Amino acid sequence: MNRGIPFRHLLLVLQLALLPAVTQGKKVVLGKKGDTVELTCNASQKKNTQFHWKNSNQIKILGIQGLFLTKGPSKLSDRADSRKSLWDQGCFSMIIKNLKIEDSDTYICEVENKKEEVELLVFGLTANSDTHLLEGQSLTLTLESPPGSSPSVKCRSPGGKNIQGGRTISVPQLERQDSGTWTCTVSQDQKTVEFKIDIVVLAFQKASSTVYKKEGEQVEFSFPLAFTLEKLTGSGELWWQAERASSSKSWITFDLKNKEVSVKRVTQDPKLQMGKKLPLHLTLPQALPQYAGSGNLTLALEAKTGKLHQEVNLVVMRATQFQENLTCEVWGPTSPKLTLSLKLENKGATVSKQAKAVWVLNPEAGMWQCLLSDSGQVLLESNIKVVPTWPTPVQPMALIVLGGVAGLLLFTGLGIFFCVRCRHRRRQAERMSQIKRLLSEKKTCQCPHRFQKTCSPI
């Protein structure tokens, strides 16, 4: 009885010695769906030797027979391979291409009477909807994972936004700075795998912009897009709310096809001009107070729900002098913090207010500056020259004309004076002659037919 015990122990030791391999600790490798993974298996000696790769069901995937690579009847036979150039170095890794979630399994490498187990976990991260989304829409990322796993996901946007989640990550209200490559890290069993997802946020580069112009200047509006697409088709419209108007109106409508712009309809007042190529570009011939206000450009893209929006503002400045009053005014949407001032060149501000109109009574002669500023930064400037009101400089031609008129008046006056004087003298001479004639006549009746009977010569 006692003699049988050592024999059984000897038999057990013999069986263990005859085992083809000794199982070592299991390694965990994370892979990405659609990607390629390499499962390593190294021999203790750097030489070519026999090895076999099997799955958890002991089905052969690939191995070496003589000097040739052989494959078994597994589902990976057409996607599995090994680096033959590294066999002489004792490296017998297995490469699996175009990974699938169902490739997640425990794989066994048998080499030099030992076994190496590698647990492969394949994950996939995809966007539930199109990766081209309008600004303000939501983004949802879904993680595909093998059964039994409990991964965690952390994503970082191009703008530095960090979002954590499990099998689903939701990003509401996408912003233009979210456009670009998102980096998502999947963690499982202290191992990580990184995903790169390109998200395109369809938006204009700016949410709003303000153009500052002096009255009469040409105005340029630009609406650059924050993305590029091979084919871009859609339609757009610019609605404008003038500060002086009671309601908004459509200034222009246009079509966009393969990055070329064609105008459909445009108002006659003002008559905008539009560029034929991207970026969208509008020209207003003159900046006038009646055009100052705010506009909203919308762009509807083909096969997309919703529209792109950009707000644009126009501020117009006018500097005028009327009689003894110098005035500076602005029209359009301005912040209450903006300062409007009037100053004589090379001197301090005469008047400065947080208002839309300032004025100076009886301004000094010289070059005056009308300035619209924001915290000391000049946004808009208009110059106006004030000339002395008295004495007014007289031009040489005016002097000649005035001299001629004065000479003519003087000559005419002298002529009239001498004519009147000559006539007066003639009448006076006639009267004196008549008096002398009467005195020289005899005292006879002035009317002979009446005094004939009483009058006789002496």
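Using N, Cα and C of the backbone, Cβ positions are placed for all residues, glycine too.
Annotated disulfide bond per Swiss-Prot: Cys41-Cys109 (among others), in sequence order. Within its own chain, Cys109 (disulfide bond) has Leu39, Cys41, Phe51, His52, Trp53, Phe92, Met94, Lys115, Glu116, Glu117, Val118 as residues 6 or more apart in sequence whose C-beta sits under 8 angstroms from its own.
Neighbour count (other Cβ atoms within 10 Å of the Cβ, all protein chains): 21 for Cys155 (disulfide bond). Per Swiss-Prot, the feature disulfide bond maps to Cys155-Cys184 (among others).
The disulfide bond feature in Swiss-Prot is assigned to Cys328-Cys370 (among others). Applying an 8 A CB threshold to same-chain residues 6+ apart, the list for Cys370 (disulfide bond) reads Met317, Ala319, Cys328, Leu340, Ser341, Leu342, Glu381, Ser382, Asn383, Ile384. Secondary structure from DSSP puts Cys370 (disulfide bond) in a beta strand.
Feature annotation from Swiss-Prot assigns domain 'Ig-like V-type' to 26-125.
The domain 'Ig-like C2-type 1' annotation in Swiss-Prot covers 126-203. For the domain 'Ig-like C2-type 1' (126-203), the model gives a mean pLDDT of 92.
What Swiss-Prot records for 204-317 is domain 'Ig-like C2-type 2'.
Annotated signal peptide per Swiss-Prot: 1-25, in sequence order.
Annotation source Swiss-Prot lists topological domain 'Extracellular' at 26-396, citing sequence analysis.
For the disulfide-bonded residues listed here (Cys41, Cys184, Cys328), the lowest count of other CB atoms within 10 A around the CB belongs to Cys184.
Each residue in the domain 'Ig-like C2-type 1' (126-203) gets a DSSP state, and the totals come to 3 helix, 45 strand, 30 coil.
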